[in-house]
Amino acid sequence: MNFSGSPVQLPLLQVHLPGEVPYRTAWAWQQARLAHMIRDPQLPDGLLLLTHPAVYTLGAGADPKFLKSLSQPIGSPAIHPESPSEQEPEILRVERGGEVTYHGPGQWVGYAMLNLKRHRPDLHEYLRQLEEVVIQTLAHFGLQGERIPGLTGVWVQGRKVAAIGIKVSRWVTYHGFALNVCPDLAAFEAIVPCGIPDRPVGSLVHFCPEVTMAAVAPVLVESFCQVFGLQAQAVSLAEWLGEPRLSDKLLGESTAQTPKRK
């Protein structure tokens with residue numbers, strides 16, 4: 001499937017949309033693809049677009065004070081707890097930059113894995129490009145996305161609708177962006193989102209009540225391709241991981257349906 005519909009033969013972007021995936025699982029998928037991309041510089045760029053069950057994550061240098069009243073222990077995505085709580089979302093410290101944020105249903109999370117040696121090896125420019133992906137997506141729905149000097153992310157009418165946090169290894173990127181479409185914004189009240197106390201969080205549905213997750217997904221992919229000069233190709237999980245001989249069932253893929261444009 002060609003998301004962009006472009007007749008020009010652009011470099012490929014391998015896209016996988018598995019639905020809802022636990023954070024630890026998606027983290028492991030990124031680690032697997034990262035190893036392949038470092039080992040094989042010819043492997044195409046990749047985008048994993050999914051949703052998570054409720055979870056809070058902190059960047060590598062994030063300050064726990066922004067957790068406010070949350071008292072759960074801070075874990076690692078690489079270590080599975082012996083007795084996970086079914087009542088409270090986990091709190092995980094990960095490699096990305098940035099402070100604490102929330103992921104949950106109603107939010108598209110995009111894990112962008114690009115070899116920046118094929119683009120522009122400039123991390124500040126890369127952050128601005130991820131913001132531009134969101135800004136172009138918002139424009140499709142008639143919304144004006146805004147940047148705030150000195151901060152990373154995208155705002156609409158003063159409300160932050162997209163958070164961005166990245167990690168780069170040998171110029172291969174991972175982690176990425178989170179776009180609030182229709183999440184439960186009450187979940188953000190337990191934290192100081194991104195460590196910014198005076199900037200409220202918002203969502204697309206607040207400004208466009210009829211917008212759906214299914215409608216936003218293909219626009220995000222198309223905007224990503226426009227910004228980075230790529231052509232999207234939908235692939236299986238095994239292909240996305242660089243392990244085409246393995247079945248998705250063995251890799252533990254979510255059984256959720258891939259969203260389609262309405």
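Glycine is no exception: its Cβ is also placed from the backbone N, Cα and C atoms.
Note that the structure is a prediction, hence the values are computed from the model and not measured.
What Swiss-Prot says about this protein:
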type	residues	note
DOMAIN	41-232	domain 'BPL/LPL catalytic'
BINDING	R96, G97, G98, E99, V100, T101, Y102, H103, A163, I164, G165, G176, F177, A178	substrate binding site
SITE	K160	site 'Lowers pKa of active site Cys'
ACT_SITE	C194	active site, acyl-thioester intermediate
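Ranking the binding-site residues G98, G165 by C-beta neighbours within 10 Å puts G165 at the top. In the three-state DSSP scheme, C194 (active site, acyl-thioester intermediate) is classed as helix.
The substrate-binding residues named in the record, R96, G97, G98, E99, V100, T101, Y102, H103, A163, I164, G165, G176, F177, A178, extend over a maximum Cα to Cα distance of 16 Å.
In three-state terms derived from DSSP, V100 (substrate binding site) belongs to neither a helical nor a strand segment and is classed as coil. Around V100 (substrate binding site), the same-chain residues at least 6 positions away in sequence with a Cβ under 8 Å from its Cβ are Y56, T57, L58, G59, A62, F66, L67, I191, V192, P193, C194, G195. Computed over the domain 'BPL/LPL catalytic' (41-232), the whole-number mean pLDDT of the model equals 95. Considering only the recorded positions R96, K160, the Cβ with the fewest other Cβ atoms within 10 Å is that of R96. Within 10 Å of the C-beta of C194 (active site, acyl-thioester intermediate) we count 23 further C-beta atoms, all protein chains included. Close to F177 (substrate binding site) in the fold, though at least 6 residues off in sequence, lie V109, G110, A112, L130, V133, V134, A162, A163, I164, each with a CB less than 8 Å from its CB. If you take the Cα of K160 (site 'Lowers pKa of active site Cys') and the Cα of G98 (substrate binding site), they are about 14 angstrom apart, rounded to a whole number.
Other Cβ atoms within 10 Å of the Cβ of Y102 (substrate binding site), summed over all protein chains shown, number 25.
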